[in-house]
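Database features, via Swiss-Prot:
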SIGNAL    1-18  signal peptide
ACT_SITE  Glu128  active site, proton donor
CARBOHYD  Asn183  N-linked glycosylation site
ACT_SITE  Glu239  active site, nucleophile
CARBOHYD  Asn365  N-linked glycosylation site
CARBOHYD  Asn371  N-linked glycosylation site
REGION    380-420  region 'Disordered'
LIPID     Asn427  GPI-anchor amidated asparagine
Amino acid sequence: MQFTQLVALALALATSEAAHQGFNYGNTKSDGSAKSQSDFQAEFSTAKNLVGTSGFTSARLYTMIQGGTANTPISAIPAAVAEETSLLLGLWASGGNFANEIAALKTAIADYGDDLAKLVVGISVGSEDLYRNSVDGVKAKAGLGTNPDEIVSYINQVRSTIAGTKLSGAPIGHVDTWTAWVNGSNSAVIDACDWLGFDGYPYFQNTMANSISDAKALFDESVAKTEAVAKGKEVWITETGWPVSGNTENLAVANLANAKTYWDEVGCPLFGKTNTWWYILQDANPVTPNPSFGIVGSTLSTTPLFDLSCSASSSAAASSTAVPSASSVAGAKASGFATAAASSGAAGSAKPTFTVGKGPGGSYNGTGFWNSTSSARPSSTAISGSSSGSASGSSGSSGSGASGASGQSSSSTGSSSAPSSSNILSNAASGLSGSIFGAVVAVCLALAAL
């Protein structure tokens, strides 16, 4: 293999294996009105072009259903196709309407085929259902939850639904708070998942020392606890953030300066290294929730409310704390999906848990979801406008999390027989987790073998 070919292959591997970074997107605005395709497309375009960043090109969805419909596929899908935004699909699993989620998934596969498949990072069955079903969730009036056996049943339904389709290789997981993951009664869900989604918000850990100076340690601790029970499965950061405005939670003050600090200390080490979906791009349109986590204000703009640039020191910290293992990279590559990230990533939980499944009148409406949220922190309370909540992902938050150093760089470079230079390149690039540094090292190893 020629030198130029080696370099090209190494860079291609590095690019394809970089972790996904994006935001959470609900199917409604902060007033409960349904988002349209143009709304999603504007958000995805903004996220890709945020000043000070390399672009946030992935979207985590809470539901497959378009707001205001029974089971029409969410218009975020054609918007993502148009903007080339990768997708962590979500099916809402609380409230007894799962058949409509499955129907929307089937229709989306039929309608979008390869265009959808090439964008799918994975599929999440549920979001914080186990937390809402817990003693703490009930006490916090977090909304309808689901028991672990039902989540496992839903996961199996999704596997059956996608079998033999364009999405047959998509990894399936569940998103919940770290407190739910470490609860042994939920272990069957871990067994059923290909990956675990971690939601964590130190801001809401108000029974602990949770000032901004404590936030990274709290996040890291909760991620580590989640990874400890994950049985070797990847943990993805599916929700975390710090509010730009809102009430003070014990020692946690919601303001722009602290949101920036949290971004620097927690976000920057994750971005590009661990699959991460931040909470949230915008939650103040048209109504500003309390607390508000949006990094842009009420007007959608590529100019954020605070500086999003990450320093070199943050990047260096990332390479030492969130490098996926070679096995997780290989597994991701084998799926043939939008596995731009084979991250064994840190994961935790306790996001703004959408107390979904209820309409404004308090009964399940089976369509668009109302939009308040409560959360998974210790002794959480309903914190946004209504007591119902939703797959909208647009307000409130809670819980705790931890950034955990996950994964290890396990490059495989030797064997009993002399491998070819191309094999060395491929193995080294996989083992070094797709970073540019890994690609450079891979090239050096390959050249040394020539």
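Quick reminder: no glycine exception, Cβ is built from N, Cα and C everywhere.
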Spatial neighbours, same chain, of Asn183 (N-linked glycosylation site) - Cβ under 8 Å, 6+ residues apart: Leu130, Ser134
Rounded to the nearest Å - Cα separation of Glu239 (active site, nucleophile) and Glu128 (active site, proton donor): 11
C-beta crowding around the residue listed as 'active site, proton donor', within 10 angstroms: 40
Around the Cβ of Glu239 (active site, nucleophile), the count of other Cβ atoms that are within 10 Å: 34
